[in-house]
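Only one structure is covered here, and it is reproduced in the block below.
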Amino acid sequence: MLEKRVELEGMKVVEIEKCRSDIKKLREEMASRNSSFLEDNKKLTPHRDVSSYPKYMLSQQTIDALRKPTFDVWLWESNEMLSCLEYMYHDLGLVKDFNINPITLKRWLLCIHDNYRSNPFHNFRHCFCVTQMMYSMIYLCNLQEKFTQVDILILMTAAVCHDLDHPGYNNTYQINARTELAVRYNDISPLENHHCAVAFQIFSQPDCNIFANVDPEAFKQIHQGTITLILATDMARHGEILDSFKQKVDSFDFTNEEHVTSLKMVLIKCCDISNEVRPMEVAEPWVDCLLEEYFMQSDREKAEGLPVAPFMDREKVTKPTAQIGFIKFVLIPMFETLMKLFPQIEEVMVQPLRESRDRYEELKQIDDAMNEVQKKKSENLTVGGKKK
């Protein structure tokens with residue numbers, strides 16, 4: 001009987017061990033599923049809590065600079081950028097009007113920071129850039145007089161979340177490489193859909209839900225409005241969104257919801273690609289960052305036998321050629337259309353774009369002249385070689 005009992009107990013131990021092993025496997029499988037959605041094992045709760053988030057007091061000089069498109073985004077560390085974002089939410093009255101818990105706001109911003117990857121371009125500093133430009137546009141265009149606070153909250157929150165967990169490879173790559181994101185979203189704006197999904201996964205965590213005290217009807221509006229704006233940042237939809245706004249701009253009506261949505265889409269698009277609005281010394285490093293990200297993608301596409309866009313190919317593109325077309329045919333027409341509604345942006349936004357276009361055209365002329373000289377030199381050397 002004793003032997004039988006020992007044998008049964010032994011079998012129980014084996015069963016328990018097997019159960020433990022199965023549970024461990026299940027946990028690992030669930031973790032891997034989660035990490036494939038939020039790749040690189042990103043966490044939906046901050047890596048650190050607010051107690052270790054250093055308090056940073058903004059000087060009056062910083063506060064004044066923060067409201068202008070000339071703000072130098074390269075001078076600030078992550079914690080300082082987080083404090084600036086936090087200040088913007090307080091300054092615009094969003095914390096008070098939507099009863100946002102200030103500690104939850106800090107936690108949410110930390111979580112946002114932790115869910116941006118360290119790509120050359122699409123990183124947390126880019127998120128800060130876009131949000132700071134939105135903040136300066138709200139002041140420059142007196143948007144708080146024309147929009148509801150819900151609209152202002154949507155504009156700011158969409159800017160903060162618009163590139164969450166960006167993998168550093170664009171939609172064209174996702175679709176051509178048949179990635180998990182492209183399959184999940186049926187090739188329709190895979191990245192932008194992913195940014196939205198991650199944003200609302202973060203909001204679903206009670207510790208990070210800045211909308212916890214918002215009534216259900218307002219939350220529905222914020223949820224839908226934020227998704228609409230993040231999806232509008234897909235450059236494949238640029239023509240469609242700008243054309244729609246052009247049809248409304250001459251008879252624009254701030255009481256018409258469709259008109260306001262169209263304007264908000266154009267505002268986030270302007271902010272997303274606004275680097276060339278900034279002073280040259282602030283704007284130019286971003287071109288290097290973007291080209292580095294492009295080259296990483298095109299190298300991978302070549303290695304995987306996928307189509308390569310000429311503007312991403314390190315053997316075909318230069319800084320001037322990359323920028324001239326983009327400034328002339330994308331940036332200037334969009335900002336000039338917005339200028340019809342807000343003439344005050346001409347001096348501080350449209351003029352810098354025109355100057356940037358002229359500067360890159362001059363640089364291209366210099367490059368072309370240098371290439372011509374090199375070509376003639378090599379031709380002379382060849383002719384000289386033949387004579388010998």
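Cβ atoms here come from the backbone N, Cα and C positions, even for glycine.
In the predicted model, the domain 'PDEase' (46-367) has a mean pLDDT of 96. What TrEMBL lists as domain 'PDEase' is 46-367.
The feature active site, proton donor is assigned by TrEMBL to His122. Long-range Cβ neighbours of His122 (active site, proton donor) (same chain, at least 6 residues apart, Cβ-Cβ under 8 Å): Tyr116, Asp163, His166, Gly168, Glu293.
Under the heading AMP binding site, TrEMBL lists His122, Asn123, Phe124, Arg125, His126, Asp163, Asp272, Gln323. Within its own chain, Asn123 (AMP binding site) has Tyr116, Arg117, His166 as residues 6 or more apart in sequence whose C-beta sits under 8 angstroms from its own.
Within 10 Å of the C-beta of His126 (AMP binding site) there are 22 other C-beta atoms, taking all protein chains into account. According to TrEMBL, the feature Zn(2+) 1 binding site maps to His126, His162, Asp163, Asp272.
Taken from TrEMBL, the feature Zn(2+) 2 binding site covers Asp163.
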| message | If you count other CB atoms within 10 A of each CB, which of Asp163, Asp272 wins among these binding-site residues? | response | Asp163
| note | binding-site residues considered: Arg125, His162; fewest surrounding Cβ atoms within 10 Å belongs to Arg125
| Separation of alpha carbons, His162 (Zn(2+) 1 binding site) and Asp272 (AMP binding site) (Å) | 9
| message | Rounded to a whole angstrom, what is the C-alpha distance between Phe124 (AMP binding site) and His162 (Zn(2+) 1 binding site)? | response | 11
| note | In chain order, residues whose C-beta lies under 8 angstroms from the C-beta of Gln323 (AMP binding site), counting only those at least six residues away in the same chain, are Glu276, Val287, Ser356, Tyr360
